[in-house]
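Below you'll find the structure, written out as structure tokens, and then a few comments.
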Amino acid sequence: MTSWRMHVLFSLNILCTMVAANGESDLDASAFDVELPWPLSGEVLGYIGCVVAAVLYGSQYIPLKKVETGDGMFFQWVNCLAIWLVGFLGNQILHSPAVHPLAMLGGAIWATGNITAISIIKSVGLGLGVLLWGSTGLLMGWASSRFGWFGIGTQEVSRPVLNYCGAALCLFSLCMFLCVKSNIEPQIRHRMSQIPEASPLLIDRRLNPDYCDDSGAWLDSISPKSKRLLGCSLAVIAGIFYGFTFVPLLYIKHQALVNGSMFAGASQNDLDYCFAQYNGIFLTSTLYFLIYCVAMKNKPCLYPRAVLPAFLSGIMWGLATYSWFMANTYLNTIITFPIVTAGYSLVAAMWGSVVFKEVRGLANCLVFILAAAVVLTGTVLTALSKM
């Protein structure tokens, strides 16, 4: 696809997002003076939103691969600040109505899981880390939507068998990635090789009282097996939080249809809840960062070189979430959750294995290719279950 076509497609995506926020969900390509080879129906827009979200989510940590981030707390706060700015600008453009403060809880849930992201990537690598929390989030998000957990109401599809098979294949493929051994040691040696020989081996704290040790260095002091176990455990925990991010939003939308409910009359458009979600993310991350500063006795580990990469990562996440919420406007979360989570997990795995060489060896590559084929099959079945 040529670059100008990609720009046209992206512009249509953003424009349709703005129109959808005003409740015009039956948008067609005839509304534009652009000749397209296929009718741009609501479902097509939903799948486009899923693809955009998957690519951006899977690529959001790329700017940080060559930058030291320490324990990740400073990165978390800068990242969430950028997310909030994206939400603020989006809210000014879309003029979304005020929503109930409960919608902010989804952002708080996401921010709680996200504080472990840097430690996970340092422990098991980008590809495996994202795959693990993606698989857990897929299971939690799909199950809560399909079976109506937490009072959010069940979501039906026209072909439930295909939906079950698609979700199962996505989950199975992501479990297959557990058999792929990640190789992150070369990155550690690369960072060590960049230290000048003239640098002092020890730093006298009496001469530099504000010096902060690398709070993430403790990961390098534990055995590889313990590091892998810790990283995998944190990834599963993070995935549980990520999987329940949409629960408050879906609960409000479900209760809005109940007469006499405190949420009666609330918007049914997911895009109207984006800014509230981003507010919850920024407030929660700020609270965690303040607690971290207190725990560090007002000597937090700050990494100036990580500011711009963390900010760029936050912008990518913010745009990805707007695309995902747009997809939810045309498709149910029971459709979008398996597609987006499996999609961004696959994208992250591609970055980690192909670009950063986290996957090496013929056996690892074969397992990776097989798992990629399975996850693509699962996403296709999930998409077909809506038709």
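Placement of Cβ uses the backbone N, Cα and C atoms for every residue, glycine included.
Per TrEMBL, signal peptide is recorded for 1-21. According to TrEMBL, the feature transmembrane segment maps to 45-62, 74-94, 100-121, 128-149, 161-180, 229-252, 275-294, 306-325, 331-351, 363-384.
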Notebook entry, point to check: Out of 74-94, 100-121, 229-252, 275-294, 363-384, which stretch touches the transmembrane segment (128-149) the most, going by CB pairs under 8 Å?
Noted result: 229-252
Margin query: Quick test of the contact rule: Cβ under 8 Å, at least six residues beyond the ends. What residues does that give for the transmembrane segment (100-121)?
Written below: 61, 64, 69-73, 75-76, 79-80, 129, 132-133, 216, 219, 230-231, 234-235, 237-242, 244-249, 251-252, 262-263, 266, 273, 276-285, 288
Next item on the list: Please give the sequence-distant neighbours of the transmembrane segment (229-252): residues at least 6 beyond its ends with Cβ less than 8 Å from one of its Cβ atoms.
Entry: 99-100, 102-107, 109-110, 112-114, 116-117, 119-120, 122-124, 128-129, 132-141, 144-145, 149-153, 178, 219, 222, 263, 266, 270, 273, 277, 328, 333, 337
